[in-house]
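A.B. asks: What follows is a single structure, and I will ask about it in a moment.
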Amino acid sequence: MSVIYMRNSANGNQHRGFSMSSDDDMIDITTTGTVTERSIHYDDPGTSHLPGVTYCMGDGEGESLCYQRTSILQHVAADGDEIPGIGQYEDFHTIDWQRDIARDRMRHRYIVKRRQNSLFDLVKGAHDAWSGWVCVLLVGLTTGVVAGVIDIGASWMSDLKYGICPSRFWFNREQCCWSSNETTSFETGNCSDWLTWSEVLGQSRTGAGAYIISYLMYIAWALLFASLAASLVRMFAPYACGSGIPEIKTILSGFIIRGYLGKWTLIIKSVGIMLSVSAGLSLGKEGPMVHIACCIGNILSYLFPKYGRNEAKKREILSAAAAAGVSVAFGAPIGGVLFSLEEVSYYFPLKTLWRSFFCALVAAFVLHSINPFGNEHSVLFFVEYNNPWIFFELVPFVGLGIIGGVIAAIFIRANLYWCKYRKTSKLGQYPVTEVLIVTAVTAVLAYPNPYTRMSTSELIYLLFRKCGVTNTDDLCDYNRNFTDVKSAVDLASAGPKVYRAMWLLVLALIFKLLATVFTFGIKVPCGLFIPSLCLGAIVGRIVGIGMEQLAFNYPHIWVFSGECSTMKDCITPGLYAMVGAAAVLGGVTRMTVSLVVVMFELTGGVRYIVPLMAAAMASKWVGDALGSHGVYDAHINLNGYPFLDSKEEFAHTSLAADVMQPKRNETLSVLTQDSMTVEDVETLMKETEHNGFPVVVSRESQYLVGFVLRRDLNLALAQARRAVEGLRPSSLVLFTSNSPQQPPQPGTPAPLLLKNILDMAPITITDQTPMETVVDMFRKLGLRQTLVTHNGRLLGVITKKDVLRYVKQLDNEDPNSVLFN
């Protein structure tokens, strides 16, 4: 298409000549990534600035001056940009949710409109419609397979610290004993086919010599696994350390951290978490499974450009992946969806809820099919109770919630103090050394106590378990006389081994609490779910045994006179362990609804929802009273991530004018719509570090025209230098479709049209808008910035960083601690 403008020097009349192709429609980009379609009309004043427009103007002496104005953006398809990178984001920047969602809606309308043109367009439209479901299906399948491999690998390597199965070295201890049709106990854990390291080295299974050899091999294997995990993280994927949930929350809120969800992070995190758990450190693999699942979601989203090239749409896949991560961690698909909704996701529309449910379901099904634990359940400590709970037991359940909140508050404060010390001291410069020291101390102190020597998951299962006929652990040493193995278990007095086990559990509680404080945050993959559950389960089991003995010794007290008067097993200590586990985990993470669902999916105890709810609520109230943040939010603040928590209220009375940049009577860096040259624009970008610039009518009349991103402006100028002939530093940069008021002189370079990268509908507020409203807009609309005006004139800009800094300043914190470009 070409349009020729001719000007007659005699009378000044204009004539238009048209040479048009058969296709009268064209695509014009009016805002960044937002595509509109319009027809060209003869009287359209905007056609003078369309690509390919040629101008011929008389010079007053009978000669004409002709030049062609070229837009740096050519006609582009609705599903992509001609210039690579337009509409994308730099590292450590936040995304513009509204712009990305608008881009996707326009792309969708374009595909729907063309669906009737051909069979190919129809198939393309169908593929676009089902691509979201296909993507979450692949994420669920891959997450289930990876989780199964991690569970099997961690179980096998954990047992390597104790011995080996010579006949089938790839079997863990339990599988090795299955092959010999022998059962194992938590005390010995051995059978004839399983050889301890003392037996491998020619010693006996028991005795002082065997104990010393086993002790040294336990420490040696732990140091080997930990050193491998720390070295892999340091060399290949520094982002693979920690649990990853604070960063996942920040990324899902719209922050860009390049490489955090990459393939190397996925590989090293998967291998590293197996090594870390096998080293016997006080950590779990369940939290990192969320990070691993989100890595899988991020990688697979690039198979579908609809999600891979749109950061806002990609976060819908990441939300579903987070649900799948919790689903495979606990075998709790519904709890995983609620965890994603309650704890990590920032933008969660209804279709994301359904896709998250589907993704979590597929992941749980795949893990169940792999059967990593060799039983009918997808988690190690699945138990099932049948006894009803007594109404009076709500009192100790709430008491466990209070204790859990206190333990959680102590842990969070101590861990934050140690993490701050690590960041500001020389200790942070030697991450591998710190890992080895923590591992050595943990192994040396853990081995003598049988309850800290075993893996944390085994300890939780032991504490959750109900004592029966076949149990031989010290916790089940009751003075019972079983005459019929099928009869109900009666109340009985606790034997001496029970009290010995309780003292060992108290020591285990103190050790686990201190060890977790120093472990969470070291440079290896480490989760917090399992250590928190373990701390609560220990407290709960001790309280449960106390209640059980109280009911045995005083069965005629009115609170026990009904259910316990017949001396049947009316008190279940394992139930108290489960409630205590939920209490501590709820206090640490501040989870409520998702926590209760995860716990009853873990145990199959639907009838115990009320005790779990009571403990979770009490724990959250106590935790909030003793500290304002859960551990993940606390680490977000510690690391300075730009996260606006939707659960917090902005209680300060201030106006937008108090927060905007620049302050009143200061100069605002702006672009004008038609009076700046290429050199002026480049100079402005060199002298400032802003991520975007408002475009105004003129410096004298600063009425807002639009907003342009710095990155898009850089890309457009770089493309123009390659594609546009005759571009000079003195070329005008136009952000408007109107012709210049003055005709160009001979030798004048062609203007550069950049309206196509201009956002002509930026979010604006007035200087008198309350900051409560502004903060709500940033949270609910996912804004990157908003422009402040007064009577239509531009006054300043408020970015997400400005809001976060202002909030920290009002809270008497360092406003420069926000990690944000």
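Quick reminder: no glycine exception, Cβ is built from N, Cα and C everywhere.
Annotations in TrEMBL come from automatic prediction, not curation.
Sharing the feature lines straight out of TrEMBL:
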type: TRANSMEM; residues: 130-152; note: transmembrane segment
type: TRANSMEM; residues: 215-237; note: transmembrane segment
type: TRANSMEM; residues: 257-277; note: transmembrane segment
type: TRANSMEM; residues: 289-305; note: transmembrane segment
type: TRANSMEM; residues: 317-341; note: transmembrane segment
type: TRANSMEM; residues: 390-416; note: transmembrane segment
type: TRANSMEM; residues: 428-447; note: transmembrane segment
type: TRANSMEM; residues: 501-521; note: transmembrane segment
type: TRANSMEM; residues: 528-547; note: transmembrane segment
type: TRANSMEM; residues: 575-600; note: transmembrane segment
type: DOMAIN; residues: 660-724; note: domain 'CBS'
type: DOMAIN; residues: 758-815; note: domain 'CBS'
A.B. asks: Note the mean pLDDT of the domain 'CBS' (758-815), expressed as a whole number.
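C.D. replies: The average pLDDT of the model in the domain 'CBS' (758-815) works out to 87.
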A.B. asks: Test of understanding: applying the rule of at least three C-beta pairs under 8 Å (pairs 6 or more apart in sequence), is the transmembrane segment (390-416) touching the transmembrane segment (501-521)?
C.D. replies: yes
A.B. asks: Against which stretches of its own chain does the transmembrane segment (215-237) lie, if we need a Cβ under 8 Å and a gap of at least six residues from its ends?
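C.D. replies: Same-chain contacts beyond the ends: 157, 160-162, 197, 262, 264-265, 267-269, 271-272, 275-276, 278-281, 431-432, 435-436, 438-440, 442-444, 447, 453, 522-525.
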A.B. asks: Could you give the number of helix, strand and coil residues in the domain 'CBS' (758-815) as assigned by DSSP?
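C.D. replies: Within the domain 'CBS' (758-815) the tally stands at 23 helix, 18 strand, 17 coil.
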A.B. asks: For the transmembrane segment (317-341), name the stretch out of 257-277, 390-416, 528-547, 575-600 with the most CB-CB pairs under 8 Å.
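C.D. replies: The stretch with the most close Cβ contacts to the transmembrane segment (317-341) is 575-600.
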A.B. asks: What does DSSP give as the helix, strand and coil breakdown of the domain 'CBS' (660-724)?
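C.D. replies: Reading the DSSP string over the domain 'CBS' (660-724) gives 24 helix, 17 strand, 24 coil.
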